[in-house]
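Here is the structure we will look at.
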Amino acid sequence: MVLQQQTHFLTKKIDQEDEEEEPSHDFIFRSKLPDIFIPNHLPLTDYVFQRFSGDGDGDSSTTCIIDGATGRILTYADVQTNMRRIAAGIHRLGIRHGDVVMLLLPNSPEFALSFLAVAYLGAVSTTANPFYTQPEIAKQAKASAAKMIITKKCLVDKLTNLKNDGVLIVCLDDDGDNGVVSSSDDGCVSFTELTQADETELLKPKISPEDTVAMPYSSGTTGLPKGVMITHKGLVTSIAQKVDGENPNLNFTANDVILCFLPMFHIYALDALMLSAMRTGAALLIVPRFELNLVMELIQRYKVTVVPVAPPVVLAFIKSPETERYDLSSVRIMLSGAATLKKELEDAVRLKFPNAIFGQGYGMTESGTVAKSLAFAKNPFKTKSGACGTVIRNAEMKVVDTETGISLPRNKSGEICVRGHQLMKGYLNDPEATARTIDKDGWLHTGDIGFVDDDDEIFIVDRLKELIKFKGYQVAPAELEALLISHPSIDDAAVVAMKDEVADEVPVAFVARSQGSQLTEDDVKSYVNKQVVHYKRIKMVFFIEVIPKAVSGKILRKDLRAKLETMCSK
């Protein structure tokens, strides 16, 4: 009996010790900056232009938008007047609160004005790539139930079927003196009808913070593109997390000229550039597309202070000898986002912009901004090369084990999860995909693998589904790509998995050689394989002209895997 009691006591004690060893709470990471008050009860346009109303300190006569293509300038007063007129014009055509308007436009002042007008009306903008094919446009327009499409004259032929189905087409052309002329296309409404509408005809709509304001399309962590419902509250929160407060994480000021050649239909340019610039009273220099010499000429002419980039753009700056011909000394911030920038590229671009603070940010369409370098803060922190920043203020982040879901401490890699008011409301008409992405506790699972170091800085290792499994070992493509790009005869590279009967998967490389290079497969394999452990060695190399990438700069690995499958089946 005594022995049984002792055994019971020892067993109970061991169980208690085991319970004490298990983590009793999540490892949750927050910003080094204190949380701030965010007025996310306001409609988006009220918030963005708050400094120009009431007791605000903004000067409406200052420059808001510079059209890089024509030199046309719009002041903050011009932008707000046009916003209200276009909203009234859209309303006159039958668009109401909650209706969806597709913006099928390249970077232009009209894109910005249209987005703001739709938001002011309480309607929803779904943004689309103007280079989409007719079927791609139709698929998004129908899935989003768009009632109107605002586009350019040269794109109208892609919209014939939609026009026949009753979708209103508003058309602009940028060949006129003022940047917009009437369309002569039958069945299309001229954009000038909107800009000349009587704003007094529209009573300001009542907008809830939970109303959807933007609906870009994203594949998320997997699957087909889905409509991402971003609310007024979510977008206001995402902007404020970056640029509001006494010590903003991203210190844009009214004296800045912010360059925008990254596509405005993508959330990065829309949120972190266009709307953040307007919130702070800065000037936004809009360029239709990235052309290296034109961009450098505009930097010199307008004394641009902020240049946001993506990895392909950084590569262009690094590899071009033309950079020496231009005065780029006005640039004080170079912000890399949309895709993780390798340390080798970061170090190289610093030499081209000697006066610029360089750092990275990290986010996704569904989550808003997740992290931002504190090197950009008004009172900056020391940061490490290669880090994508620290978690944004007024938000929480954790790193979870991909197998168990248990949260991990510092310096342990796992899936990055984020929680906060900046998150999307969900995917349009897809509750299952929403539930897979945002769990019951409100954590959005990004599908990105990373870790938080001892200084709260975040490092992205790879994408969850992009990891290569070699006999159970994890191989990160990003690591091998960094090595490949460091070779002087390689312009760009991507690594994907190839099926293998013995190892399950092996890494293979697609390589874009420098012009005139005679680099061979053996040269590439030798260069990489001598620098990595055996299971990370490149097994095959395929030479191609260009690495396929999305407009965001992310490698289109699905395309490369399909190409690999075709080549291996021959």
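Keep in mind that glycine also has a Cβ here, set from the backbone N, Cα and C atoms.
Keep in mind it's a predicted model, so treat the numbers as computed, not measured.
Feature annotation from Swiss-Prot assigns ATP binding site to Ser218, Ser219, Gly220, Thr221, Thr222, Lys226, Gln360, Gly361, Thr365, Asp448, Arg463, Lys554. As annotated by Swiss-Prot, (E)-4-coumaroyl-AMP binding site applies to Tyr268, Ala338, Gln360, Gly361, Thr365, Lys465, Lys469, with the evidence given as similarity to another entry. Per Swiss-Prot, CoA binding site is recorded for Arg289, Lys471, Gly472. If you look up Swiss-Prot, you'll see 291-360 marked as region 'SBD1', on the strength of similarity to another entry. Summarising the annotation, Swiss-Prot assigns region 'SBD2' to 361-427 and lists similarity to another entry as the type of evidence.
Separating the Cα atoms of Lys471 (CoA binding site) and Arg463 (ATP binding site) is a whole-number distance of 19 Å. Rounded to the nearest whole angstrom, the C-alpha distance between Gly361 ((E)-4-coumaroyl-AMP binding site) and Ser218 (ATP binding site) is 19. The highest number of surrounding Cβ atoms within 10 Å, among the binding-site residues Ser218, Gln360, Thr365, is found at Gln360. You'll find the Cα of Ser218 (ATP binding site) roughly 13 Å from the Cα of Tyr268 ((E)-4-coumaroyl-AMP binding site). Cα to Cα, Arg463 (ATP binding site) and Arg289 (CoA binding site) are separated by 28 Å. Of all the binding-site residues listed here (Arg289, Arg463), the one with the fewest other CB atoms within 10 A of its own CB is Arg289. For the region 'SBD2' (361-427), the predicted model reports an average pLDDT of 95.
In this structure, the binding-site residues Lys469, Lys471 were compared by how many other Cβ atoms lie within 10 Å of their Cβ, and the smallest count belongs to Lys471.
Secondary structure of the region 'SBD2' (361-427) per DSSP (helix as H, G, I; strand as E, B; remaining residues coil): 3 helix, 25 strand, 39 coil. Lys471 (CoA binding site) falls outside any helix or strand according to DSSP and counts as coil.
Of all the binding-site residues in the record (Tyr268, Arg289, Lys469), the one with the smallest CA separation from Thr365 (ATP binding site) is Tyr268. Around Gly361 ((E)-4-coumaroyl-AMP binding site), taking its Cβ as the centre, 23 other Cβ atoms fall within 10 Å, counting all chains.
Ranking the binding-site residues Tyr268, Arg289, Lys469 by the distance of their Cα atoms from the Cα of Gln360 (ATP binding site) places Tyr268 first. DSSP places the residues of the region 'SBD1' (291-360) in helix, strand and coil in these numbers: 35 helix, 12 strand, 23 coil.
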